[in-house]
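Below is one structure, written out as structure tokens; the observations come after it.
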Amino acid sequence: MTTNNDFYFALLRISILQLLKAQGFDRARPSLVDVMTDLYAKFLSLLASEVSSIAQARCDQDDTIALQDITLALENLGIVKPTNVLDVYDENSELSSSRGMEKFKDWCIYSTQLTDARITALPTVELLQSEEKESDPLSAIPDYLNQLLQNKGAKQKLETKNRKTELIEDLINNNGLDDWIKLVIARQRINMIERASKKESQNVPALPHIAGYKSSILSRHHHTTITNEDRMPSAMTPRDEDALTEIQENPFVTSKLPIMRKENRLENITLSFEDEELESLGEVEGPNQKSQENNNEESFKENNKSLTESPHGDDRDISMFQFDSNVDTKWAEQEDMDSTFQRRTSLDYGGYF
């Protein structure tokens with residue numbers, strides 16, 4: 001962050017540059033300018049402190065700085081040399097003791113150096129018209145080869161130059177060259193004009209081909225139908241009902257959703273591993289396959305029917321494996337547990353049956 005001392009030092013540095021230019025110095029190193037500025041600031045503070053000390057030593061009632069305080073401070077610092085410091089015997093009584101101050105006054109009023117310094121301190125039109133030379137790699141190529149490249153952007157450069165000329169003429173007619181602040185503002189406006197001219201035009205039809213640009217909202221037919229007011233974002237209400245109503249009233253927004261397009265619907269989406277030829281063959285073979293399945297079912301039913309029928313052609317044989325309701329299905333061994341155990345023992349140890 002810049003402090004106050006750095007800010008004032010930079011302002012004083014501009015004055016030193018103008019003084020050096022008025023004395024005939026066209027250029028100087030930045031380090032030399034900084035040294036001259038530092039010496040000027042030190043000497044000015046020394047002069048101010050000397051004037052203040054002399055005014056305090058005079059013991060005046062109002063404690064104001066008088067002209068003799070400044071004169072004596074200039075003499076003490078050696079800026080003005082007095083004609084006669086002490087004339088004890090009054091040998092040169094007719095000689096004026098303020099002759100040095102009179103010469104200093106004449107130098108301040110009639111000096112050509114100060115006049116040149118004032119002229120140098122004023123802003124000039126050349127400061128606004130100064131342009132940096134840019135290296136042109138096509139300068140070595142003949143004009144008949146790079147004529148198209150040279151004519152590229154010539155119209156835009158001409159418009160920028162005309163705007164700069166109008167701005168400078170307006171500043172001259174309004175006597176704006178006597179004020180550095182007006183000149184700085186004009187310089188900033190010119191920089192903005194130059195910066196805007198260097199930007200490439202963002203024209204949508206002039207852009208190169210982009211994949212998917214035809215169905216995009218930036219396409220030409222969408223670009224011509226939409227107004228500038230439609231492109232501005234509208235503030236949504238905090239309630240969901242109002243937002244839903246606004247969306248329903250403006251179907252153009254929902255029509256731009258990808259899901260609203262036919263090619264993006266689920267029934268129209270096919271996977272990469274699906275074979276369309278197999279699907280077509282399946283559609284052709286579908287009726288034959290159904291008829292074959294029906295024949296298999298009929299043959300299966302006939303086989304089951306043949307198994308259930310009697311080999312002798314008698315209906316009574318069908319129920320040969322069915323038990324009568326009077327037949328007791330329980331074994332005799334279940335009635336007598338002892339005989340059951342004996343039977344099992346005989347079976348295990350090789351007894352009689």
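Glycine too: its Cβ is placed from the backbone N, Cα and C atoms.
Sequence annotations record features per position, and here Swiss-Prot assigns coiled coil to 289-309 based on sequence analysis. The annotation compositional bias 'Low complexity' is assigned in Swiss-Prot to 283-294. Under the heading domain 'Histone-fold', Swiss-Prot lists 11-78. According to Swiss-Prot, the feature phosphothreonine maps to Thr237, an assignment based on a large-scale study or a structure entry. Annotated phosphoserine per Swiss-Prot: Ser310, Ser346, in sequence order.
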### Query
In the domain 'Histone-fold' (11-78), how many residues does DSSP call helix, how many strand, and how many coil?
50 helix, 0 strand, 18 coil
### Task
Over the domain 'Histone-fold' (11-78), work out the mean pLDDT and round it to an integer.
86
